[in-house]
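**Q** Sharing a structure with you now.
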Amino acid sequence: MINRVVLFIMDSVGIGALPDADQFGDVGSNTLGNISKVEQGIALPNLTALGLGNIEDIQGVNPVESPKGAYGKSAEVSNGKDTTTGHWELVGLEVTEPFNTYPQGFPADVVENFEKQIGRKMLGNKPASGTVILDELGKEHMQTGHPIVYTSADSVFQIAAHEEVILLGELYKMCEIAREIMRGDHAVARVIARPFVGDPGNFIRTSNRRDYSLDPFGKTLLDIAKEAGKDVIGIGKIEDIFNGNGITEAIHTKDNMDGIDQTIAYLKKENKGIIFTNLVDFDSKYGHRRDPKGYKQALEEMDRRIPEILSHLNDEDLIIFTADHGNDPTFKGSDHTREYIPIVIYGKQVKAGVNIGTRKSFADIAATISDILNIDDTGNGESFKKFILE
């Protein structure tokens with residue numbers, strides 16, 4: 001019997017363009033595959049041993065004859081390629097209507113309402129890379145005290161502010177105001193606080209980022225598990241993505257290594273249910289910034305710690321390594337990419353070497369976890385428990 005599942009999200013680690021990638025401008029994207037090509041290979045011996053290289057052809061990540069885990073990949077049903085859409089589908093909510101995006105910036109009524117409520121003008125109001133817009137408007141922001149507001153191809157309203165110009169408490173208050181405005185007809189999936197420090201030409205975003213999400217529109221695996229009396233521990237930005245819904249305990253992290261440390265800390269504790277971890281650095285530090293070398297190094301750094309994670313699993317534990325979308329750092333632009341996600345499963349009770357194939361929905365993961373923990377499911381997805389457990 002399995003009584004604890006670790007759902008371990010390697011944020012943006014896609015494994016090849018989906019068949020509908022043309023509708024998203026993402027034909028040819030392949031986060032893992034293209035990083036390994038551009039960087040002449042990638043060393044992920046521990047994920048390789050579990051079966052990662054048996055899913056797809058990745059330079060330096062070879063298939064193994066006897067994988068220690070079960071493996072496969074999944075397509076996405078939802079209409080999107082963003083954090084919220086991906087994570088919601090992973091826990092059983094399929095998003096058929098895409099969230100609003102603002103390729104021309106936010107409309108005048110939104111701008112006026114926001115500026116009136118915060119008592120300041122805003123800078124920017126356009127789609128932009130977060131680091132590029134700091135180079136462009138950071139100095140003016142420091143001179144005027146006006147927050148920098150921008151969006152992307154995702155459904156986001158992002159507010160950047162220097163921590164010495166607009167204090168964190170005030171920045172978070174601005175985000176709460178924006179969250180109330182960006183509902184209904186103007187609903188965005190997330191309002192994001194993007195604090196930074198430093199001087200013009202050398203700005204650095206800090207780990208004090210905060211996400212303000214919409215409430216999920218239906219019950220997720222997390223809600224069902226919580227109602228069934230299970231522990232649901234959110235590590236990283238998980239609490240923010242679900243606006244706290246379905247979470248019994250949450251811890252925010254400063255980087256990938258902290259995320260792994262916290263996951264291990266909770267594995268050592270007495271809890272039963274779900275440990276839901278997100279490692280965001282792949283996406284935020286390397287994917288959007290189109291830095292394949294940094295992305296590769298971050299993946300290798302994570303892989304080196306996998307034996308440590310696995311050593312803390314007990315006989316009733318199961319871990320699923322997966323992702324929420326792609327963000328190919330070799331691809332055009334600076335946005336997410338519409339890709340398959342890898343699925344690698346390990347546990348003392350998991351059948352080694354099983355290929356679960358190509359799943360039709362990320363929600364198959366939710367259905368499987370519901371099945372394993374013997375709780376109700378969301379009605380979406382198809383469980384693959386029978387293939388992976390003795």
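Glycine too: its Cβ is placed from the backbone N, Cα and C atoms.
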**Q** Per Swiss-Prot, which of H186, H252, H336 sits in the Mn(2+) 2 site along with D283, H288?
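**A** Site partner of D283, H288 for Mn(2+) 2, according to Swiss-Prot: H336.
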**Q** Using Cβ-Cβ distances, find the residues under 8 Å from H336 (Mn(2+) 2 binding site) that belong to the same chain and are at least 6 apart in sequence, listing them in sequence order.
**A** S12, K81, D82, A153, D154, D283, G287, H325, G326, N327
**Q** CB neighbours of D324 (Mn(2+) 1 binding site) within 10 A?
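**A** Excluding its own Cβ, the number within 10 Å is 29.
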**Q** Roughly how many Å lie between the Cα atoms of D324 (Mn(2+) 1 binding site) and H288 (Mn(2+) 2 binding site), rounded to a whole value?
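**A** Just about 15 Å between their Cα atoms.
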**Q** C-alpha of H288 (Mn(2+) 2 binding site) to C-alpha of D11 (Mn(2+) 1 binding site): distance in Å?
**A** 12
**Q** If the Mn(2+) 1 site is taken as the center of the Cβ atoms of D11, D324, H325, which further residues of that chain fall within 8 Å of it by their Cβ?
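**A** Those within range, site residues removed, are I9, M10, S12, V13, G14, T83, G86, H87, D283, A323, G326, N327, H336, I341.
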**Q** Report the residues of the chain - excluding D283, H288, H336 - with C-beta within 8 Å of the mean position of the site's C-beta atoms, for the recorded Mn(2+) 2 site, in sequence order.
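**A** My list of surrounding residues reads D11, S12, S284, G287, H325, N327, S334, D335.
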**Q** Check each residue in the chain of D11 (Mn(2+) 1 binding site) that is at least six apart in sequence and keep those whose C-beta is under 8 Å from its C-beta; list them in sequence order.
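**A** Listed in sequence order: T83, N278, L279, V280, D281, F282, D283, S284, A323, D324, N327.
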